[in-house]
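Feature list (source: Swiss-Prot):
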- ASP93, GLU98: Mg(2+) 1 binding site (BINDING)
- GLU98: Mg(2+) 2 binding site (BINDING)
- ARG188, LYS241, ARG319, TYR320: substrate binding site (BINDING)
- ASN234, SER238, GLU242: Mg(2+) 3 binding site (BINDING)
- 1-11: compositional bias 'Polar residues' (COMPBIAS)
- 1-26: region 'Disordered' (REGION)
- 93-98: motif 'DDXXXE motif' (MOTIF)
- 234-242: motif 'NXXXSXXXE motif' (MOTIF)
Amino acid sequence: MNDATRTSTTPPALPMPDLRDSFPGPFPASAHADDIERHATQWLRTFPLIRSERALSALTHITGQGVARTFPTAGRDELFLCADLFLWLTAFDDAHGEATGAADPARLLRTTSEYVHLLAGHHEPPGGPSVFGAALRDLLDRYGERATPAQYARLTAHLRDNLFGILWEAHHLHRPDRVTLPDYLAMRPHTVFVRTVVATAEVMLGYELTEPDRSSEPVRELETAVADLAGWINDLASYAKETARDGSATLGLPALLMRQHECDLEEAFRRASLMCEQQAAVAAARIAELTAGGGPLADHAHALRSVASSYVWHIDDSRYRT
């Protein structure tokens, strides 16, 4: 077993993926981790998206440490922007998605209309901005100052995907039997926000892919493998916490594998761990292929390696402990 990928929330009897061959640690981290955490705390004072001081402290800590590992070579201001984007998504999901959204999906749908309005380029939503709307406007303004029009369009498209993913998850949370395993695997990258993080990489690190490179098979396969890996290891790491909080974790990879294969929890974890290891190997192979040639493709491969490594690292953080 790989200690880097094991979390204390998972009972020792349950298998966890061994990712040492594909993503060996230790993982490099930016020297700005503490600065990111301090900035994140201040940003959440300016835009009070989280009411609980304990939750705020936990989220700013994992964000500071996680973003420092996601883009370890990025500049300080770029790291702040990436952290704030992750804070917004996570705080919105905690406040309006999951169990809250499942209790009233129609209200969640009405809430998201303000953000769709802003993402479409309208500066003032009808009725004025909420605190989440004001925070999103701040993020979009700052990102727009750094990004090309194409990069900005990609980010806003992924943010819309995230909003849809949160709504999708809330809609199905109390009726997971309606969700097939292929449906879940297709949606999970959007609910774990990893494709949005990947979409920021070019701006964070100062490179730009051509459209032919972006649509090439090696890049698409690498991004898919990293997106899958992020969601799946998150599901394994958070399983015990979700079970302790809600009594079950029925809309997640282990539960869906148990239903699909009519197996017990240990076998589901074993199957999920193998899935993680296989996708990690795919990602590592594509990273090696793309870094060999240099240029923006190599920059992108290095960025994806750091993104994947950050998910491998952060699943052991206290945010996932019961």
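Any Cβ shown, glycine's included, is placed from N, Cα and C.
Predicted, not measured: the structure shown is a model, and the values here were computed from it.
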**OP:** Could you measure between GLU98 (Mg(2+) 1 binding site) and ASN234 (Mg(2+) 3 binding site) for me? Cα positions, answer in whole angstrom.
**Re:** 15
Original post:
Do you know offhand how many angstrom separate ASP93 (Mg(2+) 1 binding site) and GLU242 (Mg(2+) 3 binding site) by C-alpha?
Top reply: 14
Subject >> Mapped DSSP class for ASN234 (Mg(2+) 3 binding site), helix or strand or coil >> reply: helix
**OP:** Compare the Cα of ARG188 (substrate binding site) against each of the binding-site residues ASN234, SER238, GLU242 and report the nearest.
**Re:** ASN234
**OP:** Could you put numbers on the helix, strand and coil content of the motif 'DDXXXE motif' (93-98), residue by residue per DSSP?
**Re:** 5 helix, 0 strand, 1 coil
Original post:
What Cα-Cα separation, expressed in whole Å, is found between LYS241 (substrate binding site) and ASN234 (Mg(2+) 3 binding site)?
Top reply: 11
Subject >> Averaged pLDDT, computed only over the residues in the motif 'NXXXSXXXE motif' (234-242) >> reply: 86
Original post:
Since the record lists ARG188, LYS241 as binding-site residues, which of them has the fewest other Cβ atoms within 10 Å of its Cβ?
Top reply: LYS241
**OP:** Around the Cβ of ASP93 (Mg(2+) 1 binding site), how many other Cβ atoms lie within 10 Å? Please give the count over every shown protein chain.
**Re:** 21
